[in-house]
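Below is one structure, written out as structure tokens; the observations come after it.
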Amino acid sequence: MEEQNDFTWAVKNGDIANVKKSVEAKKDLISITDGNKRGPCHWAADFNQVEVLEYLISKGAKFDNTDDYGITPLLAAVYEGHTGAVELLVKKGANKSVVGPDGQTAYDAAEKADIKALLK
């Protein structure tokens, strides 16, 4: 459990060295979820940890999955206004037409013009 907590902290805080060390020691960490079915890509997108997010995706982490609320990593990044995370997820092929729990698409939910441009 402590290993998962350390990994989660490293992902959220952009500690790429410890993220890599953890994944190299235990690859299945890229597939863990919390009590709301949020995984590492959700956390990285939510905190705009683009380097971590790119690494996780390169190791096979799911980045189009929904949590218990119907939120994908892309929606998490859009809701937080994190252009870098949105740009990476779109580049990697995230579903741009996903609809969030509020009934809005990622494009409709975006408040920043640069994010809207990425989602067109």
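Placed from the backbone N, Cα and C atoms, the Cβ positions cover glycine too.
Note that the coordinates shown come from a computational prediction; the quantities given were computed from them, not determined experimentally.
Within its own chain, the repeat 'ANK 1' (1-31) has Cβ neighbours under 8 Å at 39-40, 43-44, 46-47, 49, 51-52, 55-56, 59-62, counting only residues six or more beyond its boundaries. Marked as repeat 'ANK 1' by Swiss-Prot: 1-31.
Under DSSP, the residues of the repeat 'ANK 2' (36-65) split into helix, strand and coil as follows: 16 helix, 0 strand, 14 coil. Sequence annotations record features per position, and here Swiss-Prot assigns repeat 'ANK 2' to 36-65.
Under the heading repeat 'ANK 3', Swiss-Prot lists 69-98. Taking Cβ pairs closer than 8 Å, the repeat 'ANK 3' (69-98) reaches residues 36, 38, 41-42, 44-46, 48-50, 53-54, 57, 63, 105-107, 109-112, 114-115, 118-119 in its own chain, all 6 or more past its ends.
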Handout entry: Tally of residues which DSSP labels helix, strand or coil - the repeat 'ANK 3' (69-98)
Key = 17 helix, 0 strand, 13 coil
